[in-house]
Every structure is written in structure tokens, then in C-alpha cells.
């Protein structure tokens, strides 16, 4: 296959494109990007046939900031006949054998989502045809490749596959989370998604456990504090603004009316530091660096608000600088990762884990 198809948020195509160009170059794979503003996807077309599979295998999806999902794809199938869309798709997937799952998807745009009802109905007969051809196993198998059929317009689709160990578990790379009725704000979904994304499911019980101490900088009205409280943590909520009364009534929250940039925790036995403040990203990064150098927390999740242009370059520079500063100050054992999550807007979410080599 010659294309790498990447799902992203509409409006972030240039950032996703810039990132995949850099990552492909690191693997000495040549190609060029094809995308349009607000399409919510990017195509990286390789110069050499077969290189798309190399990218899909060797670039970790989790290491990409702006891509929600990716798969190796054939050239765009155009003009799929209404009377038989299935045959051309089955033919295009002839080189795929014994895949474990089928996903018929669209980009995350209002225009493309108008096809979602069709995609649901189309999945059933397409699945049967792919099973008959041998491209798809009779029973779903989470260890086998995933077939993707992405309709970008009526009668037009990219088809291909992703590897199950390097693929989002969600259709279109989008987790479907519901906001709780008593959550103080919709921002609560950002931290909920961040915990799901950055902390492996099998480690959540030990790394997000009841009784832990946490600090929320810029907490008002308590959207992020809510996620910490519902996991049984005790939270120092730092903000000059008011906190949600329901959270205060739990007895798990102590409200410090202070500036998050000036606050120093009275006790340093903090497991989680979280921060979602509307501030220059470099200033937030410097704040987290200071806390890390002082050894005041074990793990942190924080948001970096993005500029209007050159967002990939800005984030990359900030993360590289953070790594350099931490190492210069004796913090050597850490991991850092960033993702433009579905519930993020003009921001990216960063996870910094100190001493990740130690068992939890």
C-alpha cells in the first residue's frame, strides 16, 4: 500500500501533516502529504509502494500528537457504483488476509458524518463479503489486523488496514465518554479521557487509586478535581475563584484561594498534579518543570494552550525544552507524552511521569 491515512481534528490537518512528514523522514521514507483544511484527515503518500505498511508498523500511534488513528491505505476508490459498492472494496483488499475486525468509518466532520447511517447499514453485507473472500475471519480476533473502510464522500472511500497493537481501540479514534450529571463543567471529560489514554487499563487500579493525594492548579469550578475525587483521591484545589459546592461537600477537597503559579504545597506527598490553566504554554511548562525538579509529585497531566499557527513546532519545542531542563537539573528517570485528545480544543494534553521505571 502506498498511503498512510491519518484521522485528526478538523482544522488541525497542517499540524498532523507536519508531524507525519518529520516522523517519516526519521525512518528515511519519502513521500508527500495531501490534505485540505477542515477535512479532518491527512494522507501521506509514499514514493515507494509498501512503505505505508512500514510507517503503520514502526511509528507508534501513541507517539503522534495530532493523529487520532492511522492505517495503511490503497489509492482512493472513486465512483463506487450504488448498485455494487462491495465488489471494488473486496478487490482492493485482496492482499489482506484473516483480519480480525472491520471498521467502516468517516472523518470527524459534519459533512462526512451524514454518511454514518449508511456506514452502519453497509457494514453488515461488507463484513459477510470480506469473510467469504478470506480477508476477514469468521469471528473477531483482537490480535489480528483491523480492516478500515473510510468514506470521505458518497461513493469515495480509502480502504486498508491497521495493526491491532498499534491502533486506537475506538472507531475514528474517538472515545465516547458521557459527562456525569453532577460534574461542574464539560472540561471534566478532558481529564477523564487523558487518564484513559495515558494510563494502561491494567495499571489504573494502582496508579489512580483511592487515598492518593492530588493537586489541581487552576481548579475552578472543579471539572478536573471532579475526576480525582470520583477516584477517591484527596485534592488540594488551587484557584482564586469559587469551587463547586458539591465537590466541597465530599470532604475530599481543600480549597486554596491562591495563584496557581505561586502556590507551594504544604505537604509534598503528592501523587498527581493536574493543571488546565488558560496561560501561555511555555509558562505552564515552566511551572510543571519547577514542581518536577522539586520532586513534589509522581505524575502530572497538564494542558498546553496552542497558538493559531505552527502548533506542531510550538509543542515539539516546548516538550524538547522540558526534557532538556529536567535532565540538566538531575531529573533523569521520567517519561513524557502528548496528545491532542478528542475533548481538547485548541490545546494538547501532556503526561509527565517521574520515575516510571519503579514498580507501582
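Along the chain as shown, residues are numbered 1 onward.
Cβ coordinates are placed from backbone N, Cα and C, and glycine is handled just like the others.
When Swiss-Prot records 187, 220, 221, 222, 223, 239, 259 as binding S-adenosyl-L-methionine, the matching candidate from 249, 276 it lists for that site is 276. It is 259, among the binding-site residues 239, 259, 276, whose Cβ has the fewest other Cβ atoms within 10 Å in the structure shown. Between the alpha carbons (Cα) of residue 187 (S-adenosyl-L-methionine binding site) and residue 305 (active site, proton acceptor) lies a span of roughly 14 Å.
Ranking the binding-site residues 222, 223 by C-beta neighbours within 10 Å puts 222 at the top.
For residue 221 (S-adenosyl-L-methionine binding site), applying a Cβ distance below 8 Å and a minimum sequence separation of six or more within one chain yields 184, 185, 241, 242, 243, 244.
Around residue 220 (S-adenosyl-L-methionine binding site), the same-chain residues at least 6 positions away in sequence with a Cβ under 8 Å from its Cβ are 237, 239, 240, 241, 242, 243. Separating the Cα atoms of residue 276 (S-adenosyl-L-methionine binding site) and residue 305 (active site, proton acceptor) is a whole-number distance of 9 Å.
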